[in-house]
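Asker: Structure below; questions to follow.
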Amino acid sequence: IHYSHSFSQPINTNGFVSGAKPPAKADYLGKMPAEFKMIAALLGDLDNSDGQGKVYFREDSSPDVLARATEHIRQAFPRDDDVDPTSTFIVTWENMAARGTTGRGDVLDRKRNTFQLVVASMESASYAILLYPRDGLQYLSTSIGGANKPLEAGFNQGMVQGWFYASQGTYYRTTTDEETSIRELTEYETNSGRHGVWVYEIGTTPVFIAITPGMTAKLFTEENVTKPAVTSSPQQPGYAETETQEGQPRYPDPFEPRYPDPDSTQQRYTPVQPVPPRSQPQNPQIVVVDEDLDVDVFAYNLETCANNRQKCSAFADCRDYTNGYCCHCRPGYYGNGKDCVAEGKPQRMNGKVNGRVFVGNSPSPVEFSNNDLHSYVVANDGRAYVAISSIPDSLGPSLQPLSSLGGIIGWAFALEQPGFQNGFSLIGGEFFRQAEVTFQPGNERLTIKQQFKGIDEHDHLVVSSELDGRVPDVPRGASVHIEPYKEIYQYSSNLISSSSNREYTVSLPDGGVQTRSYQWRQTISFQSCVHNEATRAVPPTQQLSVDQIFVMYDAGNQLIRFAMSNRIGSIHSGPPEQNPCFTGRHGCDNNAVCRPGEGLQFSCECTAGFTGDGRSCYAESRPVDHCQRGSHDCDAPDRARCSYVGGSAYVCSCLPGFLGDGRVCQDVDECRQDRCHRDAICSNTQGSFVCQCQPGFHGNGFQCSPTTTERQQTQCERHRASAQAASASSSNTGLFSFFRPRPAVGQYVPQCDERGSYEPTQCHGSIGQCWCVDAAGQEIPNTRTGPGSRPLCIEQTVTPPPVGPTPRPDISPAPPGTHLLFAQSGKIELVPLQGDGMKKDEAKALLHIPDRVVIGVAYDCVEKMVYWTDITGPAISKASLNGGDTIPVITTEVESPEGIAIDHVARLMFWTDSMRDTVEVAKLDGSQRRVLFDSDLVNPRPITTNPAYGRIYWADWNRDGPKIEMSNMDGTDRTVLVKDDLTLPNGLTYDPDNQQLCWADAGTRKVECMDPHRRLRRTVAEGVQYPFALVSHGRNLYYTDWRREAVVAVDRFSEKETDEFLPQKRSRLYGVTMTPAQCPQAYNYCSNNGGCSHLCLPRLGGFTCRCPDNSTAAAAAAAAAGRCEETNQ
């Protein structure tokens, strides 16, 4: 390229190709001319961060592309005779958004611009060809510096070095500051005479000082332009699609200017790569390419399942291949993968018919439009029925011979013989069919065009039909009989053809009979998946056998009806298949699939959505969980989740890290959201991201601190040093001052751990007392104990973050099944259970919240939500077990929430607060909050529920009077269940299957259970070390142990320890809970809120309607607005 002697072609996502690496965008956007060379195809603040926008570039010397470039140049410069480019350099900006508009969900979010630059080079000159979409650009300006600035196009020479100083070179701008000039880029009056095509001679000298625009103003039309024989491959990126204002793809007609992309096996595509991982992108990404494009770039293939999974049917799986992807229908379904239907299910088809048909020798045509077409196919025996309405009797009788008007539907769902496939199995429901009919002996001709548009939201195949031509006259009142016929179909990669001669008999009203015939030729064009081995395995020829043909025109209702039976099989004669599944004489219900066995054996199986014995099938009246069955249309499980919401309904939603409607989800680049610390590097991944502190810093990526050789003293260490210094000044003087300071008698010196944090338990040896402290070293009230006793203190400080990368703070989707969840400082871990055993090798972190100390954990089996308390917020939060961001539930008027429990039936949450000394209740969204108890409590911690009895149980480890209590959920019948032989009752759980309340005591070092109704108490385990939390599942009780730093399983029947799980990272473990695969069966009176206006609180044998506390202005306003009423039921 002559122009490229001084132009190395870096490509920028902001719509230009430059001669050098550009500065920050703030230095050139809105400040043109810039100091560097550029060709601005459409310059602005453009955005491709949402994954829809792409930038491609390549060098192309293929004859077709060179011919296209030559044609454009000669049209623009008709006097130039020696136009013979030797190579082209093509850049395509596809679906680029204006920055700041993506993700908004409004009309601006859907506006995208696609445009193209082609630099064609010859020995003597170079040309720039700029192509813009024929139907107009979707936006004309972008926001720069807070103001909307029109897009720009032009050629900038940059700074030119003179003898003594540099000066600004030529800036040839092809647009102005008015948006109308941008709109005119796609108008008819271009300098090439082609709609949306602009051509400039740019490189007659290597210093780029002369720009010569094309000189043709005449508009070239399809008739006066010779078009090169170029086709566009739909499997490759390029100027093959643009987005309309409504956001739907518009496929350009063959005359639209574009430079199609060649086959991927011949050319290499090089996209502009995404912004590299950083906490805050500063410049659009630049890819520098050498002059000859001989660079080491990664192979790029847009056609992967990651980018196209949504194009597959909801009943198909996407599979990647070396050069692309294919959709494959799942077992029990058939089709081409983009359209899949259930085996054996009858198929319905709807559409419209338009036509202009002459009848006999009539000089005037019969015209009709939008006539309804309806079809019904019994798929398990190949019978097809077609009806077209509103056909006038001047035409209807004469259409009777055209049974093949509906015959294409019979071919699509023909009964398959072994080793052969009908049309829908091969090509799905999107194809174009054109048939040419020539009638004998009058030589009348009729063209039939049918566009099959796939399956709509009603599960119906959609088709539009058009008839044009002449048919021989069939008198009114005449009937037509068509003999059975066979038709051979020939198959290639994207085309199917067939031809035949057919005879039919016309029975006239006067009793006469005429035998007539017509010649039939048809082609069916479609897009196939070249990687699909099943398609390639189809025999090149198949034979369609059609019999039991019925045609009738119903003059009274102006309906024409066709019916026929269809089978697809071999062209060779041989013994026919006798198995009833292949003959269609099986007697299975219309909504069943016939399964052949050996010989004449077979079975009938009701299709999806029906139940029965196969001979008789009925629509399933019971709710269908499409999420569990897999019959939903949500995106892939690694991008979206399907949530069953009752009945047969479900909701699709994108997993965290993805955006969309749940049916189509696209990765979000969190690195553009400034999620990491400013001194960290952000790396985007599919659905997530990773933060890592830069060299010279340490931390978890969300918090980074400079790495120093000497750590600064913590508050505890300074406190300790101060106490020691005070002791030294009073007790160590003079000659003995060089001895290590020792505290004076009665002096308290704080204890610090290895990280310099306050030990959660502080003791004063001189007075023999211990107490709990918070992260600042302040004593926690009601925790001080006397000599010989230590309180049960929770560590208040946050575990220090790891130095390496840390995952995002949200839930990672859990696999199906039953799991054990436990809290460990700033995370919640998951251990799958198989029976009563722990699958320890499959344990993983479920939730990372590195700046929190999680204490209590609970689970709602209905919505599959994990709830937890943290004392650093302090707060109560939740997140979906299927993946999702953390959702705050309670964040105000909470000081130290510890225990938490869920009533999945009444949809209630109960928790304890050891600083407020309360037991409280609220709805699961945190609303309708009410304090149940705030008296006679000192250190309440664990709490659990019995939904079937409307009961709650909690424990108070008050050193002076530990106890386990019980009450109804409405706060009535408060009772002390256990007060003897208790010291530190930490863990508490209720087993509904065995009606057992169990607890773990860190003081007595026992695990015990009792029947709360009969008050029968027994010991399950003795000599445990330091249990904290407890949960029941099956035969086992699982508890977390502070000293062992493990989860321990105890068989409550054999009273023996059976298993132990040691996390990879050893530290104190806190709360523990179960996530059962199914909710336990239970009922209470508040399952539908009991008709209460606000809180419905169950109790034994009834329920109570209660108002929330009006402790906050919001609660008071809510109660007042709802006219809360309290009643006992």
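Cβ coordinates come from backbone N, Cα and C, glycine included.
Nobody curates TrEMBL annotations by hand; they come from automatic prediction.
Sharing the feature lines straight out of TrEMBL:
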{"type": "DOMAIN", "residues": "41-205", "note": "domain 'NIDO'"}
{"type": "REGION", "residues": "226-283", "note": "region 'Disordered'"}
{"type": "DOMAIN", "residues": "301-341", "note": "domain 'EGF-like'"}
{"type": "DOMAIN", "residues": "345-578", "note": "domain 'Nidogen G2 beta-barrel'"}
{"type": "DOMAIN", "residues": "577-618", "note": "domain 'EGF-like'"}
{"type": "DOMAIN", "residues": "623-666", "note": "domain 'EGF-like'"}
{"type": "DOMAIN", "residues": "667-703", "note": "domain 'EGF-like'"}
{"type": "DOMAIN", "residues": "713-793", "note": "domain 'Thyroglobulin type-1'"}
{"type": "DISULFID", "residues": "Cys763-Cys770", "note": "disulfide bond"}
{"type": "REPEAT", "residues": "864-906", "note": "repeat 'LDL-receptor class B'"}
{"type": "REPEAT", "residues": "907-949", "note": "repeat 'LDL-receptor class B'"}
{"type": "REPEAT", "residues": "950-994", "note": "repeat 'LDL-receptor class B'"}
Asker: Which is it, of Cys763, Cys770: the one of these disulfide-bonded residues whose Cβ has the most other Cβ atoms within 10 Å?
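Answerer: Its Cβ has the most other Cβ atoms within 10 Å: Cys770.
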Asker: Could you give me the DSSP helix, strand and coil counts for the domain 'EGF-like' (667-703)?
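Answerer: Across the domain 'EGF-like' (667-703), DSSP assigns the residues as follows: 4 helix, 16 strand, 17 coil.
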Asker: Just give the helix, strand and coil counts over the domain 'EGF-like' (623-666), going by DSSP.
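Answerer: Output for the domain 'EGF-like' (623-666) reads 4 helix, 18 strand, 22 coil.
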Asker: Could you count the residues of the domain 'EGF-like' (577-618) that DSSP puts in helix, in strand and in coil?
Answerer: 4 helix, 15 strand, 23 coil
